[in-house]
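Copied from TrEMBL, the annotated features are:
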DOMAIN    4-229  domain 'ATPase of the ABC class C-terminal'
DOMAIN    263-356  domain 'MRB1590-like C-terminal'
Amino acid sequence: GPPEEPMAAVDAQRFASPPSMSVALSLPHRGEVSGMGVRRGVTLIVGGGFHGKSTLLQALQLGVYDKVVGDGRELVVTDPQALKIKAEDGRAVTRCDISPFIDHLPFGRRTHDFSTADASGSTSQAAAISEALEVGATTLLLDEDTCATNFMIRDERMQLLVAPDKEPIRPFVSRVRPLWVEHGVSTIMVVGGAGDFFDMADAVILMNEYAASDATAEAKAIASRLPLKPAPPPATGAFSSLPHRCPTASGLAGGHKVSVSRSSVRFGDLTELDVASVEQLVEPSQTRAIAEALQRLASSGLDGTATLNQLLKQLEAAVDRDGLDALRPGFRLGNVSRPRKLELASAFNRLRTLEIPRRLKAEGQ
């Protein structure tokens, strides 16, 4: 991947907050600091190509981690439950409810219990969001460049040619607002070519030569002058019944020799877990910890009665209590570092051997 070292000072652009978005915080060992505050809700990052939109989002997606002194991003801090979402053609999906986004497939097929070994861009992105909500993500991070276009929007001309009742995909533009209003899930999204999202945004950040400005009022004025035709249909209650899945140990590839790289885990000679698209994994030691976690779960006698979220919470509690050695009781693990629960879940959901015999409508916790 790209280098993570700081840029040379001569090439770097010092970041300055737009005055209207500036916030001040008091830190215990540094005193008061100020910078740009991205409030909860729906935020767009817009601007011309190569002007810093994706660079800003990349800084935010790694704001879930602390940084070493001199990194340059020490004060970039993000919701700890923020997850990067992208399209991922070819990934496996197991018993996931993607009906808030895609339903009524040809020949009467439904998507409340959807599985595939070869997801398309749109189905993979729908699954990634449903899986994120299942384990408690509270902020979604998206970059238009790595999203499936047909998942994000449907313009007026396409709606006239392909009638809504013939299109299984309900685009994200019609879902991003209910995610926030009904479920408290924020979205921060890089947008370079889809002004349809102006209507849905609480804030719009305009990047120009790596300098940020507040373009919210201008974007809203444009949306008022050029309203969407037709307006996206309301989506009340679209996410209210997403199930919680209950895995069994038999699908976790336990008891095999394990080899690990930053982007993959191989169990024995047959099963490979590809986590290259899980962008908030930043080092191989985290992937090794994921492999250890899967092996521990495989040996723990999962019988399909506990939900994935419950299992991961229990695992996190054990690590909080006993450190990372809890991943392999009785051993001292010196080559692992801690992934978040969201990355553990992302890896878990990409297992091609995953078995989910049971799903619950609510966790009952």
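Each residue, glycine too, has its Cβ placed from N, Cα and C.
Note that TrEMBL annotation is computational and uncurated.
Look at the domain 'MRB1590-like C-terminal' (263-356): DSSP puts its residues at 43 helix, 9 strand, 42 coil. Computed over the domain 'ATPase of the ABC class C-terminal' (4-229), the whole-number mean pLDDT of the model equals 95.
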